[in-house]
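A.B. asks: Got a structure for you, questions after.
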Amino acid sequence: MSKNSRISQKNGSRGTQGTGKYGPNSSDQHLICSKRLVRRMIQLAETKPHSLVLDIGAGTGAITMPLAQEGLRVLAIENDPAFAEKLRRKCGEADHIRIIENDVLKCTLPREPFVVVSNIPFSITTPILGKLMDQPAMPFQRAVLIVEYGAARRFTADPITNPRILGWRMWFDITFVQTVSSVHFSPPPRVNAAILLISRKSRPPVAIGEHRRFMGLALHALRSPYMPVREALSGIFTVPQITRLTRNLGIDRNEPICSLNETQWALTYDAMRHYVDPHRWPRVPKAGWTT
Ligand SMILES: C[S@@+](CC[C@H](N)C(=O)[O-])C[C@H]1O[C@@H](n2cnc3c(N)ncnc32)[C@H](O)[C@@H]1O
């Protein structure tokens, strides 16, 4: 594995197999105990031979080991010292598995294309997804993740009311694959889980180079998601421009702004770029913004 491929919480019941109650993740250690579930996840990842695959929150290797057996290059990230040590012992000298004992949120992601197959710690689901998708220019390609059921529903729901999720869904397809019963984990979490599939859009409706400016529009327009389109866009477009735009979008000016789908957002962004004076464009958010 190249040097460049370095990887520069609150619910569920308490786990007891890692550092346990004195460790960093005592409520986040629900280990997979179903080989069939792991096989399904690997199948959904559609990796190519020698793909670089990240296992975020690798635990004792329920996903890492089968990934390595497929001949894939695996980067296993685990911040519990006891789990990391168990994993190191299991992996032995395997040179295509690299273990990073660190907090995933402090790691630098690889600079080469990579895939993620993980049963992630539920309590940091949003920060992990943000790390993967807030900067779509990064080489992250695809993820098969076990997340909490409610989170999987939230990230795939329509209408999209949250600008950060809109930003993710403009460049990535996010799909709810299936519910996963809590009996497939040890100890079982209090809630069911789900498989979430994320894949980079091959033809995103807005170019990657426009991402920050698009986020300016999304943050401004969705500041109050159920506001009528005519009001939400009034600081940017003139009244005649809004009339023309809503006609082109095939919607009523009084519909809530959150009712726009990804294609309609792209058309709105395009109209702003072409017909609106730049001094009326919403401010571009600073690097590191989140909502
Ligand atoms: C749900 S368990 C999954 C373990 C293993 N992948 C499995 O499926 O059996 C989540 C794992 O993430 C680890 N973890 C929690 N917070 C973390 C963080 N900030 N950075 C890295 N690993 C973390 C926990 O120690 C735990 O091993």
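Any Cβ shown, glycine's included, is placed from N, Cα and C.
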A.B. asks: Among Gly57, Gly150, Gly167, which residue does TrEMBL name as a further S-adenosyl-L-methionine binder in the site formed by His30, Ile32, Glu78, Asp103, Asn119?
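C.D. replies: Answer per TrEMBL: Gly57.
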A.B. asks: Just name the winner among Glu78, Asp103 (the binding-site residues) by count of other CB atoms within 10 A of its CB.
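C.D. replies: Within the set of binding-site residues, the most crowded position is Glu78.
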A.B. asks: According to DSSP, which of helix, strand or coil covers Ile32 (S-adenosyl-L-methionine binding site)?
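C.D. replies: Where Ile32 (S-adenosyl-L-methionine binding site) sits, the three-state DSSP reduction gives strand.
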